[in-house]
Amino acid sequence: MSRIEGVLNNLKGQGRKALIPYITAGDPSPALTVDLMHTLVEAGADIIELGVPFSDPMADGPVIQLACERALVHGTSLKQVIDMVREFRTRDDATPVVLMGYLNPVEAMGYEAFADAAADAGIDGVLTVDLPPEEAVDVAPLFAARSLDPIFLLAPTTTDERIRAISEHSSGYVYYVSIKGVTGSASINVEEVAAKVQHIHELTALPVGVGFGIRDAETAAAVGQVSDGVIVGSVLVDTIARNQTDPEQLKRALTDLLQPMRNALDNLTS
Amino acid sequence: MSTKLTKELLESLPDARGHFGDYGGRFVSETLMDSLVTLEREYHRLKDDPEFQEKFDKDLAHYVGRPSPLYFAERLTRETGGAQIWLKREDLNHTGAHKVNNTIGQALLASFLGKKRVIAETGAGQHGVATATVCARLGLECHVFMGSEDVQRQALNVYRMKLLGAEVHAVESGTRTLKDAMNEAMRDWVTNVDDTFYIIGTVAGPHPYPLLVRDFQAVIGREARAQSLTQAGKLPDALVACVGGGSNAIGLFYPFLTDESVAMYGVEAGGFGLETGQHAAPLCAGRPGVLHGNRTYLMEDENGQISATHSVSAGLDYPGVGPEHSWLKDVGRANYVSVTDEEALDGFRQLTRVEGIMPALESSHAVAYGTKLAAGMDKDQVVIINISGRGDKDIHTIANLDGIEI
């Protein structure tokens, strides 16, 4: 059983929902990333999605675009991001880490070299925004052989036929993109999301995480009610942007943002 | 090592997943997949639909003004002192470039699909103008994304688009050029996917765009082939076209691919010189990667981050290239070369001076290489240079370089 599956099974057994924060590696500086990852865990994260910065983040809104730019100023490379997870693992071998990013840095490193390095560093899953399962035929067996969970996106526009096919290529969880848009854009319509997630649950046994548009305890609770986990990105990254000069204040601000979400999710079941 | 290309092989490409050998494909976020699948299905239905084809052909004849002439450049030939130089005059099209062939086709697709809102990216502004033009004619809402650096360089085209009723969005992210305009167009498309048709201007992007843009532009090569046989009495010995994304080049090359005797040269933007790293020549000096929905040759650093590019011509200032060109390079059917900014400017001046034809800075790259190539060939040989657009839009850039305020 993969680390992701283990954590999600455990939560399910307890009737709890997963809190999955996203930050961009190297933002505001590479030296801080591992510290921030520990902060996220202490504030209640169950799984961490760690963004790999890319020069052309086509699916991201301005907040994460700027995070990529800040990280790239320091030359943050995929290899360095993998090393950050290796360092994180020296203190935390329980919290799953999913790398999230775009395909080209992985292509540049080479699929096999990447899969080896990621597995060796203790990375658990890989979500590549611009790699649909149709194009993943070469890389899928390399991930499977190293127990790396491929996480794929589902969108409001995804047909039933595709939901089934994508789920068959996924393990760990599937990531439902709650809105048509880029990260950090519109606010979500909880009723629509609830209906779609329920429908996805009918088509796959995999846990469903929901991301895009979750910005506070209230939206986290509303989405947590209908899914297996909530993914929180832009609001955290925006907090990093606003506190980039003071690491201690930044950690407090991230904690102040995540803890109420954690509490709201845990109160759903009490 | 050149592979012999048969009609059967060419017709099998792109394959069902949109691949030209190792290149092409559909590398986009999930939200766009359904739209791309629908577009592919509808295009395959419509391309053989007589009503659609009749409309397309009629528009090309009566709105664009096709066929465009194949013109024998007698003085340029004499001055060059080699092969006969013939010019395919896409600069004479309505809106002044080859871009309109494609925007007519895609706007027709948009209307057949019932989409009322159109978006486009543009570099030099020619594709933006061509899109704004067909939207004005069909009554479609039009949004054009353009890097803020290009908005500066191509102020004339920005104003033309506004007059045509389009909203021009200056893109401030990244390097503020064509690649960032394309990122922003993709972001808009993801957000407004239900009612929006994305008219991509070049043979890049996710499948089926490289296929349908090539099909719409192939009219250039079909005409040139027939014109060469009639006017020059033979097939050309060489074709020369500039390559940014590569739509005018693929349009010229495609109908000649099985004619083994016809050599092909795609001319990339060498900028300040390949050795400086400041250029936009991924086929000459890049390596394969994935950007904007397709696998193709790219300019990137060792970590897979896309490099900033440089060219005096905004329309060639792009780090990628259409996937079919990547394939044609690898199989050895077409040659990809580069000329520098300076050589292109010399080409611009020469054609203006001896033929009274002012080519776009993009097309000036083809002129510069084409004359060099012709100089080393025999007098009975024929070279066709694609004049993909006219140079009016570049007058300010050239005056600036000459230190003249207009």
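Note: Cβ is positioned from N, Cα and C throughout, glycine not excepted.
TrEMBL annotations: computationally assigned, not manually curated.
Here TrEMBL flags A:Glu49, A:Asp60 as active site, proton acceptor.
DSSP classifies A:Asp60 (active site, proton acceptor) as coil under the three-state reduction. When the alpha carbons of A:Asp60 (active site, proton acceptor) and A:Glu49 (active site, proton acceptor) are compared, the span between them is 15 angstrom. Within the same chain, residues at least 6 positions away in sequence whose Cβ sits under 8 Å from that of A:Glu49 (active site, proton acceptor) are A:Ile20, A:Pro21, A:Tyr22, A:Ile23, A:Val97, A:Val98, A:Leu99, A:Met100, A:Leu127, A:Ile231, A:Gly233. All chains included, 27 other C-beta atoms sit within 10 angstroms of the C-beta of A:Asp60 (active site, proton acceptor). In the three-state DSSP reading, A:Glu49 (active site, proton acceptor) counts as strand.
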